[in-house]
């Protein structure tokens, strides 16, 4: 009996092995594919929806409708939405897969994408099912993974990205199966996420050359640092190393003893030859680093645009060729291109269908692997109008270069087409077998860089969610270098380069010390976000530089007295601050956050000056020369001119930036500006879309969620190429400590009661607003207790402080108890549109606690060090408004805060060095650490080709 059982077992085992070997491609990888494991919701499936209405879509299980089994999953969208089930499916690298499911619909509009199966974050999707279907319909598509790909995000959707739909759809019998090859007539779409284009370019160099390019500038930089160190050591009488009082000039006009000496001085920094040499050297070094592998000059630029549906042409390949891939370098527009091949019967048969998305497929190489048919001719049919293609390349099996000698032998096109058909085959010398960031747009370049192109050619701009000036700057690079990756990225990169001397000047102005000026520029040079964010063609480079400059000049005004400078001289920094504010506001609205900070600094300066004026009026018999003109000139006159500097001039700049928009009949320039302003306000206030890399304001300093810009694909096994935007941990995490140290210094200058109030307000704000799974409740409770005890001990247990502490503890206990079970998990990601953060009571409490802590902090820092007050205030005003922003946000929104965070770090270091001279050696070690960490993370912010294991090595808290 046992032998029979054993024999049967082996027969079943052998049969199973044969079955697996012969038909492994039929094994579905989807969990709960028929929803039979589900009750009220689809187990093992996530749900997602995008709509301006929070309850626009409904998900559930239907036990009355099914294709197989007894259940199916449904989506109901009562208004236009993009709703979907999502499951992450494990896959093998460099492998073909078939995706399929059965779909049934009801009242789905015919002119929408409808119900479909797709792969999230790619353009890969099946046909859509619309209308009301009586029977179940089968939908499928084929795809191919990249060599290092491990998962795909399978999506069952009603609608799609930018293609909303409504109605009801049922899904059943979902399959993802591996196939050995794709059937003739089908095409395999790339399954690599589209927020990360394809990778691997022939222009990418070896790691040895890259290291050489990096190490040579670093060697020069170390030499500059050595010169700086020697000059500090040998030039004890260097006027730029003196204390602030030594860098000031006493005015001859103001000898009135009523005012303290510091109010009678001009705080003005000077730059000598050494400063100029150091700035030039640092700028040149960073320029070399930033320009290396910025982007290719070689991409197709001539094009052809379809004007009629169904236009077609036939090309002769010049020989019989067995095909492998068909490439398109895409331009504007979208639609479908059908490709047919001449078969052995001399008939044209379907080879592939290329679907060009009008938004995502812009100025990039796209290819499709095709069935290995042998043919001598291909026919291309453009099913859509206004679709632009710059180049078509055909690659045969066993080759990595396109076929040459292709001739157009038949045309069926209109007479008003833009360009010639021959333009599609005239730039094969610019072909890239492996598309990458070097030769294609990636991430938001498809919005901003394309809009720069549209400005140049008088086309209605696509990207209208931000003011146009940043795209105008970008267009200048395109005009100089052409519509090539280097051209659309160069201006933003140069603005990033300009931040290096700007930070040197700012550091010199704040610290009156060459070493700290050098350090400010150095930390900006080697901050990883500064590098990644200024090399992609978006608008953040422009606004960040302008924010630095507008505060740079307002700092000048704030630390001086206008009556000491003289009226005309005092207006210069105000004019320049307003000018750069205007440029910033016309680039991106986050400059308006800074404008509020500028206003506080200006009016606080005027208040302090007016206090001096009143003192002199009451106590002094002999009035200084400026006294009689103070109110008419220095007060009301300056305020009147500030309306020009900060309102009229920025307004003119803002309006003039729209001159690049094409004129619309019957619409004035002013109306265009107003209409776009209203649209932007509506867009940003109502945006409820989510993103896999979104992050909240509380996460940015910790870098808990870096944002992926680009994932390379089609690379050799074990090799990867990625671009993330994240900070240099040695800068960002040190910045957290530095800011806390400055807060501690500030609190020493306020009464103990207010210190306790600050601890109560800050702890309560954090407890209410930050999810408990990000920072546990116990952390805030323990922090509150320790800080309260510290203040108690420092006050020698003063009775008033004890009473105040007890009251604070009682209030915080109520807060902790009331909100203990609220936002236990990070609902920011689960459902961004949740009601908690929009609750008026919660919002009120958050802002009361936050503003209370900010006011106490600013009062303290003003009393502790008035001249560093503008830096802390700038940092707060660039950061705090994001707390109230309801839309999805990203880590790069922290970029405008980094310059001020750097100055905070250096402020703390200088305070320590002033007290302990030997600590200056730590400063050199710290700068070296920043450099080392930048080099360590360089591959992940540059797209450099490295071994996959290296990214795992540096993925300390992240999954690169």
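For all residues, glycine too, the Cβ spot is worked out from N, Cα and C.
Under the heading region 'Disordered', TrEMBL lists 234-260. Taken from TrEMBL, the feature compositional bias 'Low complexity' covers 242-258. The transmembrane segment annotation in TrEMBL covers 276-295, 472-491, 511-529, 574-604, 633-656, 730-747, 777-794, 801-823, 843-861, 868-885, 891-909, 921-941 (among others). Residues annotated as domain 'Glycosyltransferase RgtA/B/C/D-like' in TrEMBL: 466-603. Marked as domain 'Protein O-mannosyl-transferase C-terminal four TM' by TrEMBL: 678-752.
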Exercise for the section: Tally Cβ pairs under 8 Å between the transmembrane segment (511-529) and each listed stretch (730-747, 801-823, 868-885, 921-941), then give the stretch with the top tally. Expected result: 921-941
Problem - Any contact, the transmembrane segment (777-794) to the transmembrane segment (801-823), with at least 3 Cβ pairs under 8 A - result: yes
Problem - Same-chain residues near the transmembrane segment (868-885), Cβ under 8 Å, at least 6 residues beyond its ends - result: 510, 547, 551, 554-555, 558-559, 590, 593-594, 596-597, 600-601, 684, 697, 739, 742, 746, 769, 843, 846-847, 850, 854, 857-858, 861-862, 893-894, 896-897, 900-901, 903-904, 907
Exercise for the section: Give me the mean pLDDT over the domain 'Protein O-mannosyl-transferase C-terminal four TM' (678-752), rounded to a whole number. Expected result: 88
Practice task
By DSSP assignment, list the helix, strand and coil residue numbers for the domain 'Glycosyltransferase RgtA/B/C/D-like' (466-603), in that order.
Solution key: 114 helix, 0 strand, 24 coil
